[in-house]
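Some features that Swiss-Prot has for this protein:
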type: ACT_SITE; residues: Thr10; note: active site
type: BINDING; residues: Ala164, Cys167, Thr170; note: Na(+) binding site
Amino acid sequence: MSELPKWHGTTILSVRKGGKVVVIGDGQVSMGNTVMKPNARKVRKLGDGSVIGGFAGATADAFTLFDRLERKLEQHGGQLLRAAVELAKDWRTDKYLRNLEAMMIVADREVTLILTGNGDVLEPVGGVAAIGSGGNFALSAARALVDYEADAETICRKAMAIAADLCVFTNDSLTIETLDSAA
């Protein structure tokens, strides 16, 4: 089994609440202890725009995975869960993919998924998911806020501000994508 990469350099968070699903990510790219770029775009719409996702890990590896996920979405009629499972199968069996160092959060109207560096597909509990170096900070903050009146985007912004205050590899230059949710 391959060793999981050390995640440093980003925080990605997703919250599903009140008929919306939001994926938000910071823009910091770090090489060691140096900030190389403060405003990278690690969150984007995929395929025809019905799926949104964000990545943590090696940028080139993440774009490879985004491209492959988009192909799987095309092959499976835009069904995110099916496309993610098929990508995970490839990830586990393809020698090249097994060496990629990236994780992703992807979401559509129906489901939010975490795709791990081991080829796992996880559906988070309570509609909140986070990855990356500041992921645990953002996840904790979002879970604490989700039961209150705030909407999904407000929760994401506040949780990311907390993560940026606590994680030196996370900043407050945010990219946000939102979809209407079935739930």
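Glycine is treated like the rest: Cβ placed from N, Cα and C.
Feature annotations (Swiss-Prot) mapped to structure.
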residue : record             : Cβ contacts under 8 Å, 6 or more apart
Thr10   : active site        : Gly25, Asp26, Gln28, Val29, Lys42, Phe55, Ala56, Gly57, Gly132, Ser133, Gly134, Phe169, Thr170
Ala164  : Na(+) binding site : Thr11, Asp26, Gly134, Thr170, Asn171, Asp172
Cys167  : Na(+) binding site : Thr11, Ser133, Gly134, Phe137
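Same-chain residues that are not part of Ala164, Cys167, Thr170 yet have a Cβ within 8 Å of the Cβ center of the Na(+) site turn out to be Thr11, Asp26, Gln28, Ser133, Gly134, Phe137, Ala138, Met160, Ala163, Asp165, Leu166, Val168, Phe169, Asn171, Asp172. Taken residue by residue with DSSP, Thr170 (Na(+) binding site) is part of neither helix nor strand, so it is coil. Taken residue by residue with DSSP, Thr10 (active site) is part of neither helix nor strand, so it is coil.
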